């Protein structure tokens with residue numbers, strides 16, 4: 001079955017994107033990436049702390065991955081643009097996940113600032129994937145601004161609460177003709193599968209894998225769930241009925 | 001002389017070359033990104049930068065993130 005996902009002119013081999021935060025040790029990240037099959041991998045950009053011995057995250061990410069730095073820490077469009085420009089200077093490509101957050105309790109994205117940042121960065125040639133609250137009008141504005149995809153949240157970042165925004169995400173999937181990628185909140189493989197079943201183009205998972213009992217095994221579980229959900233979507237699910245309908249013939253009984 | 005390095009006032013020698021500062025901090029150039037006086041520096045430009053009083057330098061790297 002020909003089922004390619006193309007973003008920013010890049011053909012993407014896996015519909016599971018993964019984040020690299022919160023792992024118990026960075027040294028397991030190569031195995032997590034391998035078992036997840038993920039090609040798109042997110043990172044953050046931070047000031048170096050000269051007083052501590054930090055590790056360089058890039059050494060744990062295989063070179064054939066597409067690096068998607070996020071703009072976390074940005075509180076408005078200008079800060080997001082600044083972070084994006086710095087990230088691109090690393091020479092790791094032009095994918096950028098826009099994340100503009102000024103709400104510290106729920107870490108909900110500021111759609112308006114995100115749209116402004118998207119407009120600016122698209123003009124500079126970035127492949128922009130904005131993290132948003134699932135609002136149809138804002139998603140349309142982002143598409144018009146040239147976003148390569150929209151990434152609505154399933155639930156607040158890091159909560160593992162699942163696809164709480166299901167109805168709104170479904171509307172985006174039906175109405176927006178750029179990829180809709182569910183980012184944030186997905187806690188279990190079944191929830192990633194559900195997002196894929198309703199037609200999400202991909203899911204981005206971090207906390208659910210990083211904080212699992214065995215992140216490497218969980219990465220594989222997510223990979224399988226995403227593939228299962230995608231195939232179910234491509235197939236189309238069977239109709240839901242109010243009353244029972246026997247699966248076995250109702251004639252030719254023994255008695 | 002004093003420069004602002006990652007938001008902190010930092011004393012360094014007069015006319016310190018950027019590359020010397022990077023090396024003195026034990027940083028691998030391929031693992032870092034630099035913003036110099038609010039302008040992103042391409043790696044090719046690093047060699048030519050000599051720091052001056054009141055310069056603002058941001059030295060960043062990729063860390064885990066979602």
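Each Cβ is built from the backbone N, Cα and C atoms, and glycine gets one as well.
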A:184, A:185, A:206, A:207 bind 1-deoxy-D-xylulose 5-phosphate per TrEMBL; candidate in A:146, A:158, A:236, A:238 listed for that same site: A:158
Residue A:207 (1-deoxy-D-xylulose 5-phosphate binding site): tally of other CB atoms within 10 A of its CB: 19
Secondary structure of residue A:207 (1-deoxy-D-xylulose 5-phosphate binding site) (DSSP, helix/strand/coil): helix
Site diameter for 1-deoxy-D-xylulose 5-phosphate, Å, by largest Cα distance between A:158, A:184, A:185, A:206, A:207: 9
Proximal to chain B - recorded positions among A:97, A:185, A:206, CB under 8 Å: A:206
